[in-house]
Amino acid sequence: MGSLPEPIMEENYSKPPGIRFMERAKKSNLSFKTYQAIVLIVTFLAYTSYHATRKTTSIVKSALDPQSPNVGLKFSWQRRDTTHEQNQSSRLSWMLKDGWVPFNGLDGTAMLGELDVSFLFVYATGMYFSGHVGDRMDLRIFLTIGMVGTGLFTALFGVGYWANVHIFYYYLIVQMMAGLFQSTGWPSVVAVVGNWFGKKKRGLIMGIWNAHTSVGNITGSLVASILLKYGWGWSMVVPGSLIATVGVVVFLFLPVHPDSVGANKDEDGVFSPRKEGEEVTEPFLRSSDREDESAVAFIDAWKIPGVAPFALCLFFAKLVAYTFLYWLPFYISHTAIEGKYLSNEEAGNLSTLFDVGGVVGGILAGYISDRLDARAITAASFMYCAIPVLYFYRSYGHVSMTINIILMLITGVFVNGPYALITTAVSADLGTHSSLKGNSRALATVTAIIDGTGSIGAAIGPLLTGYISANSWSAVFTMLMGSAFIAGLFLTRLVVAEVGAKIQQLGSQGSSPISRSPDLLV
């Protein structure tokens, strides 16, 4: 008896209900743009949940270590009302039952900083390996494993509340494992989106899509803040369960590459159906046909023009962004605004405005970079603009709630704008650089190199803040302003090249126009 045709054999395989549903849906002739929409929605939800679980630690931090409001605050302009401070301190102690051993001791702030840095260093190290592995296996499965693992260890951190765990190394190990699984997320989602979208308008599309970072931060802050009153363990377990659930959705519905639906590239690098007007009829999640492409080696990926300067720029950009991510709610709750201190829940809710500004900054940076065709100029300009904004927030954020909100929104725009641009559009551009000769199996590796390097800075920033803030928050902001300046300096060579190209392009007007280069200028 002869073997069955391949399509029938595929139907005989046992498949999850979600995949069977999508395969039935394809019979209704889904358009290619529908598949692109599915990719954007699923990856958006995936990384939103990653950041939601990452943000919860900053909210729980104030519950673990409810210091008196004046700890770590050395601003000369801050007025002191001793009676008010004592009342606020008593209120915090009553609400949070005097914190959680071992984090409520004299070195509690430093210990929390060590948790942050352990998480982020493992995350940064894991990022390099995740990109390497991600370019060599099914990203859908790889992403699912990372999300379920992240959910498990995030929840285990919260389990310490009910298990009455007071051993620092328990929380340290759990955070390190969470960081390892978190490292699977970014290289995977950027590689998938980069596979589906060409370079035209990539900055704007990925700028809008990158709102998942801020949406995740906002969601994590709100959920953790609301649940904090019921016990800080809930603020970890619920987000952990959420990301594991979204991981199942990713496994059921995410198409990794257009090859799985039989698409071709057009001249702009945008994937489209094989014939104009033709609907996609190939199996939705069949195996990729890219076996003939070999994954790019780690060292070779570093040699791609533009990778090193953008990676080093992101080191300092993420140092600034992640210091806000991990310490902003703590800073707000320990800073008097109009002479009053906010509760931990109120501080957590207020801190979400920084991420609202981040959404605007990411979209704005992507749009501007598309219009100018100048990623380096855009990123460097945003970093330089962040310097005075950080100074103003430090100096005048305490004057009134209105001023604090306005300055926090503007700070989010200029701090998160370049961070979002580099980790999305720039990474995707470099992962499809002309030197790769069309090889699409470098996206995850290049993304991992850039974001992994940035994540080392993301680890150092919160660590230094944990120690420096105990003496002076003013010094913390000086560190952040210096980091923003250095981040811009690393792009100087690329900025000069882009400016030179623009001048040359203006000089050539009237003759044959210079064709738009799809790659970053170096």
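Heads up, the Cβ atoms here are built off N, Cα and C, so glycines get one too.
TrEMBL annotations: computationally assigned, not manually curated.
Taken from TrEMBL, the feature transmembrane segment covers 30-50 (among others).
Mean pLDDT for the domain 'Major facilitator superfamily (MFS) profile' (42-500) in the predicted structure: 80. Under the heading domain 'Major facilitator superfamily (MFS) profile', TrEMBL lists 42-500.
If you look at the transmembrane segment (110-129), the same-chain residues 6 or more away from its ends with a CB under 8 A from one of its CBs are 57, 61, 64-65, 102-103, 168, 171-172, 175-184, 186-187, 298, 322, 326, 448-449, 451-456, 458-460, 462-467, 470. Summarising the annotation, TrEMBL assigns transmembrane segment to 110-129 (among others).
According to TrEMBL, the feature transmembrane segment maps to 141-163 (among others).
Counting same-chain residues at least six beyond the ends of the transmembrane segment (169-197), those with a Cβ under 8 angstroms from any Cβ of the stretch are 35-36, 39-40, 43, 46-47, 50, 53-54, 57, 114-115, 118-127, 129-131, 134-135, 139, 142-143, 145-147, 149-150, 152-154, 156-157, 160, 205-206, 209, 254, 256-258, 270-271, 423-424, 427-428, 431-432, 440, 443-445, 447-448, 451-452, 455. What TrEMBL lists as transmembrane segment is 169-197 (among others).
Under the heading transmembrane segment, TrEMBL lists 209-228 (among others). Within the same chain, residues 40, 43-56, 58-60, 63, 193, 234-236, 238-239, 325, 329, 344-345, 348-349, 351-352, 355-356, 358-359, 362-363, 366, 412, 416, 420, 423-424 sit at least 6 positions outside the transmembrane segment (209-228) and bring their C-beta atoms closer than 8 Å to a C-beta of that stretch.
Annotation comment: TrEMBL describes 234-256 (among others) as transmembrane segment. Under 8 Å from some Cβ of the transmembrane segment (234-256) lie the Cβ atoms of residues 16-19, 22, 35, 38-39, 42-43, 45-46, 48-50, 52-53, 56, 59-60, 63, 138-141, 143-144, 146-148, 150-159, 161, 192, 195, 220, 223-225, 227-228, 284-285, 288, all in the same chain and six or more residues away from its ends.
Marked as transmembrane segment by TrEMBL: 307-328 (among others).
Summarising the annotation, TrEMBL assigns transmembrane segment to 348-369 (among others).
Sequence annotations record features per position, and here TrEMBL assigns transmembrane segment to 376-393 (among others).
Beyond the ends of the transmembrane segment (405-430), by six or more residues, the same chain brings 186, 190, 193-194, 197, 199, 202-203, 206-207, 209-210, 213-214, 304, 306-307, 310, 313-314, 317-318, 320-321, 324, 350-351, 353-362, 364-366, 369, 375, 378-380, 382-383, 385-386, 389-390, 392-393, 396-397, 443, 446-447, 450-451, 454, 484, 487, 518-520 to within a C-beta distance below 8 angstroms of the stretch. Per TrEMBL, the feature transmembrane segment maps to 405-430 (among others).
The transmembrane segment feature in TrEMBL is assigned to 442-464 (among others).
Residues or ranges marked as transmembrane segment by TrEMBL: 476-496 (among others).
Contact between the transmembrane segment (376-393) and the transmembrane segment (442-464) is not supported: fewer than 3 Cβ pairs lie under 8 Å, counting only residues 6 or more apart in sequence. Counted over residue pairs separated by six or more positions, the transmembrane segment (442-464) shares fewer than 3 Cβ pairs under 8 angstroms with the transmembrane segment (141-163), which leaves the two as not touching. Relative to the transmembrane segment (348-369), the listed stretch 307-328 leads the set 141-163, 307-328, 476-496 in CB pairs under 8 A.
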